[in-house]
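Here's what Swiss-Prot has on this protein:
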TRANSMEM  37-61  transmembrane segment
TOPO_DOM  62-73  topological domain 'Cytoplasmic'
TRANSMEM  74-96  transmembrane segment
DISULFID  110-187  disulfide bond
TRANSMEM  111-133  transmembrane segment
TOPO_DOM  134-152  topological domain 'Cytoplasmic'
TRANSMEM  153-173  transmembrane segment
TRANSMEM  203-224  transmembrane segment
TOPO_DOM  225-252  topological domain 'Cytoplasmic'
TRANSMEM  253-274  transmembrane segment
TRANSMEM  287-308  transmembrane segment
MOD_RES   296  N6-(retinylidene)lysine
TOPO_DOM  309-351  topological domain 'Cytoplasmic'
LIPID     322  S-palmitoyl cysteine
LIPID     323  S-palmitoyl cysteine
REGION    330-351  region 'Disordered'
């Protein structure tokens, strides 16, 4: 075995030299030099510095501007709340543990950090699923005479929380467990061991099927149908330049959404699956750390992609930041006029 398994931890290094120590009690500088942990702490500080303001601003602007409080925006707010969960409950803890070089908060702290990070990430993931389904239903109209209302929005939010809890809670009650991963400064699901009594294998398979493959399939289907519908609508109005421009904007937005989803989750999921299927094989601590911490950056680019690309929200945000005045009002007004003319296509943009 090329790693060292202990009570509630797994170190990706053999203890043949006697260097390995518990990540709850001792700095792990034998894994990575101190400067590596300092870089990790600086990265987490950057995510906190950007992630908290942009997500908090999203909530504040929506509360400040009544016209943004529509049912279609509920899931976008839910996305911001999920990102704040990750920032407050996960990033702050990881930054402090990185500064110390080990998980200073002990076993209980590992459970708390792992739970909040997993819960926030899963809420965000299932929020994207609900958003893609909402766009598909509203634009492609598979259900005739369907009107997306407040009750549907609340159900979507509740669904995302339920699915997130279905992934984050089991490790707290004995189905799998949270342990320090990578450089031992953040906690996640135990992909590394077949610890007796925790049924890690069944939980990891359940998580990959239900909480990765299913969301990926749903988002791919919904956005694929969305692009086709946009192209069909534009083809029927080829004389309208504004419609063609709206088609390009919407298509670009959808592609960015999908690529961001893949960039966030595929590297982490791929590495986790490799570790799970090659337990005991040799891999370095950075091997899991890089994709795990890259996935955390979703708390920053999620609101940028899903909210700041919304022209109405961007207008309200600029108005709020500029004390009630929008210096770009004329440009926003012309864009709004274009959106009105190309109504059949522009309904694809988040409301």
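From the backbone N, Cα and C atoms, a Cβ is placed for every residue, glycine too.
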Which of these recorded positions is closest to residue 296 (N6-(retinylidene)lysine) if you go by CA atoms: 110, 187, 322, 323? 187
Counting other Cβ atoms within 10 Å of each Cβ, which of the recorded positions 110, 187, 322, 323 scores lowest? 323
The transmembrane segment (287-308): which same-chain residues, six or more beyond its ends, come within Cβ distance under 8 Å? 12, 40, 43-44, 47, 50-51, 54-55, 58, 76, 79-80, 83, 86-87, 90-91, 94, 117, 120-121, 124, 128, 131, 181-183, 186, 188, 253, 256-257, 260, 263-265, 267-268, 270-272, 275, 314, 317, 350
Using Cβ atoms only, state whether the transmembrane segment (74-96) and the transmembrane segment (203-224) have three or more pairs under 8 Å that are 6 or more apart in sequence. no
What counts of helix, strand and coil residues does DSSP assign across the topological domain 'Cytoplasmic' (134-152)? 10 helix, 0 strand, 9 coil
Do you know the DSSP helix, strand and coil residue counts for the topological domain 'Cytoplasmic' (62-73)? 9 helix, 0 strand, 3 coil
Helix, strand or coil: which one is the residue listed as 'N6-(retinylidene)lysine' in, per DSSP? helix
Look up residue 187 (disulfide bond) in the DSSP assignment and report helix, strand or coil. strand
Return one of helix, strand or coil for residue 322 (S-palmitoyl cysteine), based on DSSP. coil
The topological domain 'Cytoplasmic' (309-351): mean pLDDT? 59
Residue 110 (disulfide bond) in three-state DSSP notation: helix
Which number gives the other C-beta atoms within 10 angstroms of the C-beta of the residue listed as 'N6-(retinylidene)lysine', all protein chains shown included? 24
Contact set of the topological domain 'Cytoplasmic' (62-73) with the rest of its chain, CB cutoff 8 A exclusive, min separation 6+ beyond the ends, reads 134, 138, 148-150, 152-153, 312-313, 316, 319-320, 350-351
